[in-house]
Amino acid sequence: MDVTTFLGLALLPILSPGPSSILVVRNSLRHGLSFASRRLLADLAGTVLSASFLLYGLGSLINGSKPLLVGIQLAGAGYVLLAGLLCLQRMRRPPTDTFRVSRSAGGLWLESFLAGLLNPKTLVFFALLQPLLAGAEERAAPLAYALGYSLYKGCVLTLTCAVFLLARDWCRRRLRLANGILGTALVAAGSGFLVKLSAGF
């Protein structure tokens, strides 16, 4: 598989909403650039490990079990839907509660790492990609794809972080509206994923 094809295929899971993008938005709005950047690195570290495990064997196990593959997809869609509902719920809270930090920095680092490691989009993408790379002659090739995907994802999420940092003051002044817009978008995306999955049964 050439690089152009790989990047084209990777664009869909990277751009679609999921645990990593949701955490990047939240960390950018709540904690600022430095904090969000460190947590993004934790997420990417988890992504590299996850993609490497999948390409070196775990992907064939997931791809060989349709119930497991569908279960991972359902978990991802459910996560996005739940995140959207929580955003809509925050519209009713006092503004001072929305950006309050309730967990330790270490806990947030672990949360970001696990979001990258267990991201359903990454699991499904590399589980489906693994058979295409099974015949690769060089054992280092899968690792190159894992690193390339993580770098690609990092660039997209960095851009996302920058956009929300620029809009941070606006979001702070209009918390209910910001939560409403984000929540509605996530609920629509999660519901769309669930409908698409149910249509395949």
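A Cβ is built for glycine as well, from the same backbone N, Cα and C atoms used for every other residue.
Record features, source TrEMBL:
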- 6-29: transmembrane segment (TRANSMEM)
- 41-62: transmembrane segment (TRANSMEM)
- 68-88: transmembrane segment (TRANSMEM)
- 108-129: transmembrane segment (TRANSMEM)
- 149-167: transmembrane segment (TRANSMEM)
- 179-199: transmembrane segment (TRANSMEM)
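Below 8 angstroms of C-beta separation, residues 17-19, 22, 61-62, 119-121, 123-124, 127, 179-180, 182-191, 193-194, 197, 200 of the same chain, each at least six residues beyond the ends of the transmembrane segment (68-88), sit close to that stretch. Within the same chain, residues 6-7, 10, 14-15, 20-21, 24-25, 27-29, 32-33, 36-37, 40, 43-44, 47-48, 51, 122, 125-126 sit at least 6 positions outside the transmembrane segment (149-167) and bring their C-beta atoms closer than 8 Å to a C-beta of that stretch. Outside the transmembrane segment (41-62), and at least 6 residues removed from its termini, the chain residues within Cβ reach (under 8 Å) are 20, 23-24, 68-69, 72, 109-110, 112-119, 122-124, 126-131, 133-134, 142-143, 145-147, 149-150, 153-154, 157. Within its own chain, the transmembrane segment (6-29) is flanked in space by residues 35-36, 39-40, 43, 47, 76, 79-80, 83, 99, 108, 111-112, 115-116, 118-122, 124-125, 129, 145, 148-149, 152-153, 156-157, 160-161, 164-165, 168, 171-172, 178, 182, 185-186, 189-190, which lie at least six positions past its ends and keep a Cβ under 8 Å from the stretch.
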